[in-house]
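Single-structure report; data block below.
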Amino acid sequence: MTQDRSEMSEDDDDQQSPPLDLPSTAIADPCSSSSSPNKSRNCISNSQTFPDHVLENVLENVLQFLDSRCDRNAASLVCKSWWRVEALTRSEVFIGNCYALSPARLTQRFKRVRSLVLKGKPRFADFNLMPPDWGANFAPWVSTMAQAYPCLEKVDLKRMFVTDDDLALLADSFPGFKELILVCCEGFGTSGISIVANKCRKLKVLDLIESEVTDDEVDWISCFPEDVTCLESLAFDCVEAPINFKALEGLVARSPFLKKLRLNRFVSLVELHRLLLGAPQLTSLGTGSFSHDEEPQSEQEPDYAAAFRACKSVVCLSGFRELMPEYLPAIFPVCANLTSLNFSYANISPDMFKPIILNCHKLQVFWALDSICDEGLQAVAATCKELRELRIFPFDPREDSEGPVSELGLQAISEGCRKLESILYFCQRMTNAAVIAMSENCPELTVFRLCIMGRHRPDHVTGKPMDEGFGAIVKNCKKLTRLAVSGLLTDQAFRYMGEYGKLVRTLSVAFAGDSDMALRHVLEGCPRLQKLEIRDSPFGDVALRSGMHRYYNMRFVWMSACSLSKGCCKDIARAMPNLVVEVIGSDDDDDNRDYVETLYMYRSLDGPRNDAPKFVTIL
């Protein structure tokens, strides 16, 4: 199981993308013949006084101040003029599903795009629930944009298949290119990265985050410009290959604007010391291995604490791969200013952890392995009163492992960190009382993801289902937009979600529910639902049909190892032609040929994709 520890923030999916499918006839025109006579006269009079191009110029200047996707979406729906001007003034586009529209539709609608955020595979791909060759290819997007957007400056991809050729075309096509962010992507190697480093002379951001990067034995670090660079952020902690440290040291020295640097595990603590002395301006640091060289180059060990002390601007700290505990005190000098700390790769004990966290009074974001135990979480609760986001990952993700964190840690956090807004908590045991306490103590929660790793586990004290705990979360946390549920849950828990989860946009369900009625409660009761992820739950055809009135308004529905039939999926595909219904991995040669192993449904403006592999059947 792959944990998504890519960024110290939640996905920015709470705002809708602008409508790309609206023809001009679908938008109300205040000058149309359907308007009332008075409105028509007023509109004609106004157009005579102020020509259309004057009004559009004024509107163009106004819309430039709208940054929110949601606001721009609303503006584009006012009338044809607003729709047209909004498209002309939009420089940033977010596409939450690369198959929701074609690249051609994007370039036809928006002519001046400088920044693109594009997402591919659904999130359950992170848990090995999707075959690796499913799709989400970047190739058609970069080839289309190469012709349409010569001024493109930023590409941010997540769960996309990106090849070295794609990166080469990107580097050749956009002379002013500045930012490349690849999160959980695959298909490319150090050869492609070297081309970007060499040809994108204005590059400010190169962030490779949780991506699978092939080692082509290319010295990509040496491919950056030999003179002063524009680099502001360089993250390559996911690159599982040695790097040319001398070239890296020179690159850091030539990058006076560098604020973020995240190193891979092949950079030792001694080398980190040298980098810090040459880059005191850093604000975000990923430390690399945090262990010394196997063969020290000198008898006297460097003063690591002094190097950290020189970096007075560091507020975000991560890394700590291959951690050697005796060196951990070196970070003491920066702890007081930290707002973000990521120990999610460090197997650190409570005794090692507590001296660190007790100095982090400004911390707002904290990620860690469950090796810090309940004792460590109690120290967090006692110290970090400004905490907004907490993520606790399992050191041992097996279902039958002994989890070192429990309801005790969760209860402590809820009592000590009253400003908490987002939590992801992996554990082996939990109680309703602890979850209810969190709902009462942390009413500002927008994200609550509780992952009880053992299947169908009840409240381990009372033996009852976890219904009341999750019910309290949706009832008391009025701002909740994202919810992940687990443990022993009956239909009652889902009834609570449908009754109180009016703002929930993303719901993840694993091993939960009694019957189809559970899913029906959610589909009929959660009007804002956009993303629905379900695995190993007893929901079947009746449940799926109950949401047909909702699917056009949702980004996607994912259901795996449930009780769906291919016949039901075909019926939905026939009834909803603008909904793409993919059946993944079903075997037609056995007795269960009508059984659907995995269903992935999503809305699309351009119909089914043309690159589906053989194991995908589009109904």
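Including glycine, each Cβ sits where the backbone N, Cα and C put it.
Fair warning: this is a prediction, and the values are worked out from it, not measured in the lab.
Marked as 1D-myo-inositol hexakisphosphate binding site by Swiss-Prot on the basis of similarity to another entry: Lys119, Lys158, Arg159, Arg391, Val447, Phe448, Arg449, Arg482, Gln530, Lys531, Arg555. Marked as compositional bias 'Low complexity' by Swiss-Prot: 16-43. The domain 'F-box' annotation in Swiss-Prot covers 54-97. As annotated by Swiss-Prot, region 'Disordered' applies to 1-43. Annotated region 'Interaction with auxin-responsive proteins' per Swiss-Prot: 394-399, 451-455, in sequence order. The site 'Interaction with auxin-responsive proteins' feature in Swiss-Prot is assigned to Glu210, Phe426, Arg535; the stated evidence is similarity to another entry.
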Conformational class of Glu210 (site 'Interaction with auxin-responsive proteins') under the three-state DSSP mapping: coil
Minimum Cα separation from Lys119 (1D-myo-inositol hexakisphosphate binding site), reported as the residue among recorded sites Glu210, Phe426, Arg535 that achieves it: Glu210
Per-residue Cβ crowding (10 Å cut-off), top of binding-site residues Arg159, Arg555: Arg159
Entry from the recorded positions list Lys119, Arg535 having the most other CB atoms no farther than 10 A: Lys119
Fewest-neighbour residue among recorded positions, criterion Cβ within 10 Å, set Phe426, Arg449: Arg449
Arg449 (1D-myo-inositol hexakisphosphate binding site) and Arg535 (site 'Interaction with auxin-responsive proteins'), distance between Cα atoms, whole Å: 15
Rounded to the nearest Å - Cα separation of Arg449 (1D-myo-inositol hexakisphosphate binding site) and Phe426 (site 'Interaction with auxin-responsive proteins'): 8
Cα-Cα distance, maximum over Lys119, Lys158, Arg159, Arg391, Val447, Phe448, Arg449, Arg482, Gln530, Lys531, Arg555, record's 1D-myo-inositol hexakisphosphate binders, Å: 25
Whole-number Å value for how far Phe426 (site 'Interaction with auxin-responsive proteins') lies from Gln530 (1D-myo-inositol hexakisphosphate binding site) (Cα to Cα): 24
DSSP state at Arg449 (1D-myo-inositol hexakisphosphate binding site), helix/strand/coil: strand
Pairwise Cα distance for Phe426 (site 'Interaction with auxin-responsive proteins')/Arg159 (1D-myo-inositol hexakisphosphate binding site) [Å, integer]: 23
Residues of the domain 'F-box' (54-97) by DSSP state, where helix covers H, G and I: 28 helix, 4 strand, 12 coil
Reduced DSSP assignment, Arg159 (1D-myo-inositol hexakisphosphate binding site): coil
Residue counts (helix, strand, coil, in that order) that DSSP gives for the region 'Interaction with auxin-responsive proteins' (394-399): 0 helix, 0 strand, 6 coil
